[in-house]
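Over in Swiss-Prot, the protein carries these features:
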- 82-93, 295-306: NAD(+) binding site (BINDING)
- Arg100, Arg110, Arg139, Asp231: substrate binding site (BINDING)
- Asp231, Asp260: Mg(2+) binding site (BINDING)
- Tyr146: site 'Important for catalysis' (SITE)
- Lys198: site 'Important for catalysis' (SITE)
Amino acid sequence: MSTVTKTITVLPGDHVGTEICNEAIKVLEAIEQATPYQKIHFEFKHHLIGGAAIDSTGVPLPDDSLAAAKSSDAVLLGAVGGPKWGTGAVRPEQGLLKIRKELNLYANLRPCNFASDALLELSPLKSEIVKGTNFTVVRELVGGIYFGERQEQEESADGESAWDTEKYSVAEVTRITRMAAFMALQHNPPLPIWSLDKANVLASSRLWRKTVDKVMKEEFPQLTIQHQLIDSAAMILVQSPTKLNGIVITSNMFGDIISDEASVIPGSLGLLPSASLASLPDTNSAFGLYEPCHGSAPDLPENKVNPIATILSVAMMLRLSLDSLKEAEALEEAVRQVLDSGVRTADLRGTNSTKEVGEAVVAAVTKILKDAA
């Protein structure tokens with residue numbers, strides 16, 4: 001069996017970014033050593049992004065970071081930003097927007113579920129309401145109002161107004177609909193799809209709904225699609241989140257808001273992974289960028305951040321970009337075992353450190369893979 005080499009560009013970013021990336025790398029190295037399913041080698045290339053890049057180079061995304069990302073199989077990102085860099089002309093978050101655009105990462109995937117039923121009690125909602133919640137938000141990431149034409153207040157003739165534009169094309173909506181459909185078809189039976197929009201008010205949402213319907217009818221007639229207005233969906237998410245189980249597809253801004261709302265259901269942002277893909281994972285080798293849903297947590301002392309979201313992002317990477325499904329399943333099971341055993345950071349009412357949780361996952365995934373040999 002020949003060794004397959006997979007190149008991963010690591011962009012730790014700012015504050016806790018370095019710590020969580022370190023734990024994720026340890027997990028990948030453990031999988032490389034222990035997996036009986038293939039001979040695989042992970043090659044890591046470390047580069048700057050965000051505030052760390054601004055401090056070192058003056059820009060939030062240096063050219064060498066972008067070039068490294070483009071030439072790798074996948075990108076692992078820590079977190080960017082912090083009060084140190086403020087809201088001036090050059091901001092850490094610009095690096096994130098630029099890399100998404102430059103790598104054409106058009107689909108953001110954010111699962112909302114419980115890594116372990118032992119965590120149900122941590123949800124701010126009642127256990128009986130959230131038990132069984134399991135959906136993935138598929139958010140369009142490079143179109144819509146965040147990338148539309150705009151005018152700042154200072155640029156207006158009277159200095160009294162500002163505007164942004166929400167624009168979507170049929171091609172953009174078709175592409176994200178296919179991604180959602182593909183994610184639904186990865187399951188047996190296929191998952192239902194919910195499309196969220198504001199078609200009762202917005203022209204862009206009417207195009208969105210019409211295009212989603214056309215693509216689903218012509219290309220995926222075996223799948224079920226239901227439309228929900230975004231404000232109604234926001235209510236359902238709190239009242240009865242399991243109603244949205246399946247795949248939830250929506251635009252850039254609506255997806256930004258609804259996925260953040262969904263992120264509080266499992267009780268901690270420290271649990272939630274995300275993937276941003278540039279192509280369909282139809283051969284389990286889509287190019288993607290993987291990062292936790294939480295931010296850089298500048299106020300958190302060292303060795304306190306929860307590494308689980310980043311480790312579960314690695315599980316998504318193994319499944320969608322690195323063609324390592326068995327290893328992804330083993331890693332998710334390892335996380336479940338560690339959380340069930342009570343090894344947890346403070347955000348999950350635990351007493352363990354970042355490194356202790358990371359080491360526990362390394363030990364668990366190593367055992368699972370070796371037992372499978």
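Placed from the backbone N, Cα and C atoms, the Cβ positions cover glycine too.
Here the features listed in Swiss-Prot are painted onto the structure.
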residue	record	contacts (Cβ under 8 Å, 6+ apart)
Gly82	NAD(+) binding site	Asp14, His15, Gly51, Pro92, Ser296, Pro298
Trp85	NAD(+) binding site	Gly51, Ile54, Arg91, Pro92
Arg100	substrate binding site	Leu141, Val142, Ser276, Leu289
Arg139	substrate binding site	Ala107, Asn108, Leu109, Arg110, Thr250, Ser251, Asn252, Phe254, Gly255, Asp256, Ser259
Asp231	substrate binding site	Lys198
Asp260	Mg(2+) binding site	none
Gly295	NAD(+) binding site	Ala79, Gly81, Leu269
Pro301	NAD(+) binding site	none
Cα-Cα distance, maximum over Arg100, Arg110, Arg139, Asp231, record's substrate binders, Å: 27
DSSP three-state assignment (helix, strand or coil) for Pro301 (NAD(+) binding site): coil
Arg91, Arg110 as binding-site residues, winner by CB count within 10 A: Arg110
Inter-residue C-alpha distance, Tyr146 (site 'Important for catalysis') and Lys304 (NAD(+) binding site) (nearest angstrom): 33
Among Gly88, Pro298, the one of these binding-site residues whose Cβ has the fewest neighbouring Cβ atoms within 10 Å: Gly88
